[in-house]
Each structure stands twice: as C-alpha cells, then as structure tokens.
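J.: Got a structure here, written out as structure tokens. Questions coming.
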C-alpha cells in the first residue's frame, strides 16, 4: 500500500526531504471550468466588462499563483519554475470558460500543485471579476490532467 509522503512515522505532518533526489524535467497540466450564464460569458467575450479584460487578468493571476504555491499550501517546496502557462477558452455551447494551466521545471519534486493552484486561482479570478453581474457562477472539475517526470512516472487523467 502506498503511504502518505507528508506524514512522518509519528503521524505528524512533515515536509518531504527531496535533497537526495536527482533533478529531472517535470511537467504538469491541470484544468478548471467556470460555468456562467450566456449573458455573462458574452459580456466577457465582447469586452464590455466594466473591470476590463477578464481573460488577461485571470491569466496573470494564475501565473502569479503558481509561483506562490509554496506560500499557500503549507508543505509544498518553493520551486524554480521554468514555465507557467495559463490558457482560457470560451465554450459557449456549455456557457463556460475552460482554464488550462501548464507548469514545468527541472527539479527534485513535481509541479502538480502549482498547476492545480494556477487553474484554481485563474478560475477564482474570473468569479471575482464577474460576481457583480452574476453571483451563481460555478467553478467545477478542478483536476490534474497530466504529469510527467520523477519516479512516479507519467500520469494522464481518464
């Protein structure tokens, strides 16, 4: 059975020691969906939102969040990210925005949490910018899509 890596032998939360691990190229992709009314989505897409460019703001927020994941999640290591990308795609057929984040580095530990944090914060930023016109926006399906590098191997979500 696999054990929790952040719990020591006494059952206490502990930061994993990665000092003996070899650097490898690691990459992770995550996504989130932001469901809203067609009118709210149209406001974003037409550039009529009074707060400005929602997609640009969400993209920057996601990038900033990835870089600060170690400050937000207690046992995450500070990482020297070599790439953070946040892509936003309007999906009018389901009245949603899909947020996809990609994080990459050459290092001793994975970037899954950074990718998940980037997607989550970008989605939260969309909510924040649009809550004045619609309060019942739903953020859903935040998940890891893919990770590569490291000893646990390659993972692709089904």
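Cβ from N, Cα, C; glycine included.
So Swiss-Prot lists these for the protein:
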- 75, 76, 77, 113, 114: substrate binding site (BINDING)
- 128: active site (ACT_SITE)
J.: Tell me the Cβ neighbour count for residue 75 (substrate binding site), meaning other Cβ atoms within 10 Å of its Cβ, over all protein chains shown.
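T.: Other Cβ atoms within 10 Å of residue 75 (substrate binding site): 13.
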J.: The record names 75, 76, 77, 113, 114 as the residues that bind substrate; what is their largest Cα to Cα distance in Å?
T.: 13
J.: Given residue 76 (substrate binding site) and residue 128 (active site), what distance in Å do their CA atoms have, once rounded to a whole number?
T.: 26
J.: Out of 114, 128, which of the recorded positions has the smallest number of neighbouring Cβ atoms within 10 Å?
T.: 128
J.: Tell me, how many other CB atoms lie within 10 A of the CB of residue 77 (substrate binding site), whichever protein chain they belong to?
T.: 15
J.: Since the record lists 76, 113 as binding-site residues, which of them has the fewest other Cβ atoms within 10 Å of its Cβ?
T.: 76
J.: To the nearest Å, how far is the Cα of residue 75 (substrate binding site) from the Cα of residue 128 (active site)?
T.: 27
J.: Under a three-state reduction of DSSP output, how is the residue listed as 'active site' classified: helix, strand, or coil?
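T.: Going by the DSSP assignment, the residue listed as 'active site' falls within a helical segment, counted as helix.
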J.: Which whole-number value in Å describes the distance between the Cα atoms of residue 113 (substrate binding site) and residue 128 (active site)?
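T.: Residue 113 (substrate binding site) and residue 128 (active site) have their Cα atoms 22 Å apart.
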